[in-house]
């Protein structure tokens, strides 16, 4: 078995190598950059063998011999010189892929006749179209590998062990040769191929692999092609698109785009893929090209750049024999072009076997044979292993590698071993056969082959050094890589995005949502609550959907990314940015279709700005969700683990999204800020209700506050609408006695079924400041800014339909500010008093009437319809004509009537000219407190003197309201604070409000030292508590409720002589089932200037008529509390 030629032939090779070196020096090509490539022309006939293949074997096919013209290097330049020189060194002429047409060459047959297969091949080649391409040289690479060993570590539960995959494998493959790696499954073929291709970690590998006698370097990646066993291709790209993108990415930037595209077309023609070039590649769920065509596309991807060394892992697997033959013929032709081809092969046919130049036979990771393929059969015959009948050489070799000696002669050495075991007829175990063949190779061939491998490559040192490059250079700029990858990604993934299944899923969900939320009425509290639920569902849907879509994406693309990165095709940063941004246009289309359907069917806000901001919000949610999905998919390549982790993560984000849980414990509250559902929900709510949420976060749309009136089981018997300053609040009463009297009466007798409305000229900000100064109750509804704003509950959730009503009037704040600048008598009030539909000024004393008249005229000329209110001699407010306290009250009455909750009686209370509008509404009782302003009294004299439903009270402020309730017989008027024996009163029916109010009134007077017989009352309260009743302190301490009441004794009179008040607010029954009721309220304490509050929940049990038993009291610090008592001095 000769690896090379005779000594004279070696000298010829050396001489030609020197010629090649000279050609390289004169060539204008720079091989340090990997170089580009061009395609060769199809070869009509097979070229003659290289010197290393000159031996004639009985198992080689007859070939045609081509007489080449004499090579004249002086007439060649650049690439031509290198091409011809390197061809001469191999004794052949080649072009890009080896399908070369000789230049005016004469074709003469060999002395031996051609086989039928060769004739058929020649006929097919002659009748096929020939594509002529400019010739380009192939840089020769001589591959050698010596004593290759590869081990892996097998980890068990308690220990680990090493397992050898390869054991001392040696061999070589030179330019123009096709080396086949054969062996049974598990013999180490693919492992050896990966080691030779530089794709394994060097830590597990020993031995040496050299390329032109140089070690592996990253620069070599651009000169090596690697076709994996699995066809790693994008299923939705066509054959032409696949090869075109490969050409655009891998070919050097010295070529134009048109030249690269033409290169791809040429490869298609050379590989015979013209008929399927516009067919999708296909995959598991997509029909596409055949297996053979897929394999040819994979090969085309690798030969696009004219690689010097090409590795293929089982290129004929799963193909029929004819298709497999075409693949191997193509590989043989590529090898003839001066390239080094190494391929693994599983079970080739006899025709395929005779196409191989060199052969490696492996078994159990060890080498059984390396040498010329044509000399394999003579070698095994020489060691006593011959087929007993005609068979495929490949089958014969695989039988030997498996230790199967059926139909194979048994060597005498093995017969002796068999006879010792007295087995008839003699048979050998697979292990014995394996050991015999391994030993035979080591004794007869290995030493000679290793000696040949130690011989230097017949290339000059200068040429050898060209295989390395100190700096990696990219074929394209970062921007070009990004653009091509983006376009490829867009074309590949658009099929998934717009599959009929996904489009149907999105549109059907949108239609169902539109039908369920059909034209939701946000003017009704229930409609607003429903619409908020829809917004949250949109945030959740477009959070779930992209996450699970993205999880399946990266594991499918990882194989392609690894393959292309191994070849240094592009930068990782370019891939990442392209992968992210190429999806953005696709991500936008389905959400737009979804929102177009849902938005208008559900009756969301019909403004272009709101719609497009909603689309943008959903789009950003999708980008964030896809990022999470890609991160999980890339981290856990196992889809089951990835989907499990994604489910838990997304579910956590959904629960923390701000809809299900409003008040999250501090130790876990940070999760919501990581939740894209939370931010999407907040933004969607803000977009829909922005103009009516100036002081409210979208998160504060609270069911309890938004649906204040749902606690009313029937129309309220009384609705009090009261001004604040100097009506409800007496600023001259520093002890707030009248206000506290009203508070206790309201919480005891009215809170459960009536409505309290505050109507004030204050802005929401100043109203909140007043609440900090005075013991104000929380109203059900608050009208602020002289009737231009309406809000509900403690969170002051705005009524945006009232804002929309005011928007219909002729109002423009900018015009008002422009015209008022003409009046030096006016000074703009602070920004806190400037509202969306109110502009407030200070006015010089005595100028009010004149300024009002002139300003009204100017604004009317500008097309505005406004109302100018002059009050207190120093304030001037401009609001829309449709605004004002009276208009706001009329709006509320209509709204309550539409909901079937029109109050039986309405009492309006006021003290200034602002409140005159309240008294003008039909069927509304009115009271002017005794401290009313002269403007209001003047209005009463001129306009309402004969109005029997309006009285002028003799009492100040809140006491005047109580007097009006008594005058009009609207309900009880005796406040518990005025009852001398308030603790002895018994209700006809169980009244939780009365129980709570009277207990804390006792508590206040006890601490002020005003109750002499407090022991009797303490004993009475203990009797009203269950034996097992529990009290939970705000600090978290738990004790017996009776024990807590006993402790009250030591606090008797501890606040004597101080301004100390206790009051309760919002006493509401939140549950009442089967004799048990749960009451929730805020309990306030104020001592001098210090104020504390806790939210209290009390559980009562009904025991007979008018009797309630205390079962449990639980308190937590309120967010409104100015001081949390950390010293546990807080008393029940």
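Think of each number as a place in line: the chain as shown, counted from 1.
Each Cβ is built from the backbone N, Cα and C atoms, and glycine gets one as well.
For the ranges 497-520, 665-688, 689-712, 713-736, the feature annotated in TrEMBL as transmembrane segment maps to 497-520. Looking up the ranges 559-584, 611-636, 741-766 in TrEMBL, the one annotated as transmembrane segment turns out to be 611-636.
Per TrEMBL, the stretch carrying the note transmembrane segment among 642-661, 782-801, 802-821, 822-841 is 642-661. Residues 532-554 are the range that TrEMBL records as transmembrane segment, among 440-462, 463-485, 532-554. Matching 418-434, 588-604, 843-859, 860-876 against TrEMBL, the residues noted as transmembrane segment span 588-604.
By number of Cβ pairs under 8 Å, the transmembrane segment (611-636) is matched best by 532-554 from the list 497-520, 532-554, 588-604, 642-661. Mean pLDDT for the domain 'ABC transporter' (143-389) in this predicted model: 85. Contact count against the transmembrane segment (532-554) (Cβ pairs under 8 Å) is highest for 642-661, out of 497-520, 588-604, 642-661.
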